[in-house]
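Visitor: If you scroll down you'll find the structure; I have some questions about it.
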Amino acid sequence: MTRLIEGLHGSTDASGAVEERGSLDVGEEVTVPAGQWSRGSVRTFVALAFAAAIPLLLLSGWMATLMAQQQRDQTRSAAVASATRVAERVSSDIASQMEVLGAQAASASLDRPDLAAFYAEATRLKAAHPLWETVELSNPSGVQIVNLLRSLDAELGPTADRESFDAVIRSERPVVGGIGPVGPISGQRRVALRVPVIRSGALRFVLSVGLATNAVSSILRDAGAPEGWVGTIVDGDGNTIARTRAEAQELGHPANPALRAAIMRAPSGFYSGPSLEGPDIDVVYRTLEGTGGWSVHFGMPVAALNAPVARSYYVLAGGSALSFGLALGLVGLVSRDMAQRRSGEQARFSLALRSSEEQGALAVEAAELGTLRWDTAQERAIGSVRAAELLGWDAEASLDRETQADARKMLDAVHEEDRHRLVDAVRHCIADGMPLDEEFRVRGRGGQPRWVRMIGRVPETFKGAPAALIYGVVADIEPRKRIEAERLELLRRLGEAQEDEQRRIARELHDQVGQTVTGLSFGLKGLQGLLEAQGVSGEATDQVQWLRSLAGEIGRDIHRAAVQLRPTALDDLGLREALATLLREWSLRHGIPSDLQFPGEASRLPADIETALYRIVQEALTNILKHAQARTVSVSVERRPDEVRMIVEDDGIGFDAEKGPGPVEDGAAARPHLGLSGIRERLSLLRGTLTLETAPASGTTLFVRIPSPPRSA
Amino acid sequence: MDRIRVVLADDHPIVRAGVKTLLGTDLGIELVGEAGNGAEALSIICGLRPDVAVIDVSMPGINGLDLTERVTRECPGTNLLVLTVHEDVAYVQPLLRAGARGYLLKRSAAEDLPRAVRAIAAGGVYLDPAIASHALADPSGGSRGGDTGEAGEALSPRETEVLRLIAQGFSNKEIARNIDVSVKSVETYKARAAEKLGLRTRSEIIRYGASHGWLDALTLR
């Protein structure tokens, strides 16, 4: 395509080379999308994998967290179960030993009492219970009477654990003591189980068992603490009785305040607080029944307990982070994919657009049309080279193949008589969205005006909104205009020649034939005189008389014929007199009154205009006579500074302007159309216009306007 | 009684001969000079100072109208009789205004020329009977309309406006657009106003308008 045009223009300049490259670009872009698509599908697959991985990651992280939490709860509930089990075990153990002790208290050996028998029984009992360190018998004042650690007769001091002893004295019921002070006999801290020995309603003795320090611990160990938990048994005063770890250091020491507070709060539950070893611990505890406020505690460091949960949190966080990364990657992939698709679409669009533009350009160039975008808001116009050439722009700024011009400069190049019309048409086009179609002259390179036609409209895309843009094509109509002008000139010359010929014949009739007839009538008059002088009368004189009247008629007919060809008055006296005569004669002949008005100055008009107006009135009168059934006719001719206006009005039946001329009654029989077209033809030669105003039963009015040069011309 | 001295100006020898023959038979009229064109006629008339000059309106050189004006101006003693083939009323008024005293058609000259010469020489005016009937008949019925309006019914402002625009040469459509009413209304206003003033045609309306100064703005530019 480009090469074809270059060939036509016969040049291969720089712009041609650019175009060549441009068309190669198009070719490349055709092949590129195929490669892009396979790469694109891999990317799509990756993106799908990413999209699937993100919820999986998040879900598994969540699951891990849930499972970790569940595990922690399980651990805790296992601890609770252990606590319960240990508590029951310890309780039952203690209770069974209390029972044994209660049975011993009811022994007959204490009835009298028989201390030796009791001593033997107690020794036997102690042997049966390895955890029993000692068995002691005290009187109500707290003085030991028997202690298995000593022989029967040995002098014994007061009992060690005074607190639990007092509790027995007070309640007269078995009591489980806490861990007591260091005993004077054993030199160790013991846990005392005490029962009252009641005979005949009075408390005689208190029977006690001192449990070995590690006895409760061994119960605790036997009950079995869950793995990882540290078990502790605390007495009613909050002192540690037994512990699964570091027992030696801790026994007898008061437990931490958090523990005590928890026991005060509820018989069982959870608490957390600093441990004896240092790190924070979570503790499950349970109070023992029938042990005087003992409680079992299982503690585990918070860190250890929460370790799996914390780990799962790390897993979750890691999964989230990874998901986020994947999501970012996915976004990147998708957006890149979209961008590439879009660029592919754009490439195809631009290809299609370019090919359609090429087709349009081919059509435009084949028709030798110039294309134009006219922005009236910015007063700029951008046009093709052809448009620039047709509109006579100086190549002000060339953009590729287009030329830009200032709208005012562009209008300056338009012929001044057409400029206003063009501006009006453009304004109308933009304001009302009407198509623009104007023919105007442009000052060409050689200064010769050249006719061009501009067809345009507001682009469809801007129709809704107010736009100040017109797309148009410019065509060279100079040849057509030249032919038109030639045709008009021919018509004008034809009309002129016809008028001249008619004028010549009319003159001939008047000046030659007319005068000859006049001479004839003078001659006949003379003949008549001669005959009369000779006394001839009768047939000869009658004959001469007849000939004279005949000559007179010939003279009149000649005049009439001459006037109909062309009234000499029009040349000699002007339009006003000629029209006055025409109307007067017409009225007399047809009995229709007429009226003529010449408002304003009665100066002569140019001959061609006078002739045209006269002929138009003639044609109008003919039409009126044929069709109008008028009662009066009125003609007025008014000379304005820049034009002549003539109005021919009748009060006849008129006609329906929509249906076309023709009397309503007669239908197609009459056609004054020919008359009107004759009038229009005549006016077109003088750039005049005819306006017709009529309606049935309201007469017909012709408005004729002919532009005329100023009076001085 | 003195014979009436007559000069004849006509470019057609046949006509001149005929007239000469005719007047030669009349004892009361003496043909003192002849001319074949306008310029010659002017010098002869002004030189001879006849009672009556019979002139053709369409002669080479000075045409009849100019000749009439110049003779009237330069030789006021001579009465002019126009002898013409132009049976055209259009010529009558301008010639009479220019100073001619008579208008005679050539086709009736053989009969009426002596009578016309005598009438004019006596200080009268002569019009050919064939022309007179046309010239006097006024098909428009005289200057009716221009001054009858004053007695008629008063016009409404709208009627006056419409009438003024009609007188100024606007079409009904243009008027309708101008004063923003329908064409039908314009016709109604026009008919009503015309009836009130007794104006029948547009020409009468124009005349009425001219007499009211409505057209000055347009024509006096």
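Placement of Cβ uses the backbone N, Cα and C atoms for every residue, glycine included.
OK, TrEMBL features for this one:
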- B:5-121: domain 'Response regulatory' (DOMAIN)
- B:148-213: domain 'HTH luxR-type' (DOMAIN)
- B:ASP56: 4-aspartylphosphate (MOD_RES)
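Walk me through where these features lie, including what they touch and how far apart they are.
Guide: Model confidence over the domain 'Response regulatory' (B:5-121) is summarised by a mean pLDDT of 87.
If you take the C-beta of B:ASP56 (4-aspartylphosphate) and look for same-chain residues 6 or more apart in sequence within under 8 angstroms, you find B:ALA9, B:ASP10, B:ASP11, B:HIS12, B:VAL15, B:GLY64, B:VAL82, B:LEU83, B:THR84.
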Visitor: Would you mind splitting the domain 'Response regulatory' (B:5-121) into helix, strand and coil residue counts from DSSP?
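Guide: For that range the per-state counts are 60 helix, 27 strand, 30 coil.
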Visitor: Per DSSP, how many helix, strand and coil residues does the domain 'HTH luxR-type' (B:148-213) have?
Guide: 47 helix, 0 strand, 19 coil
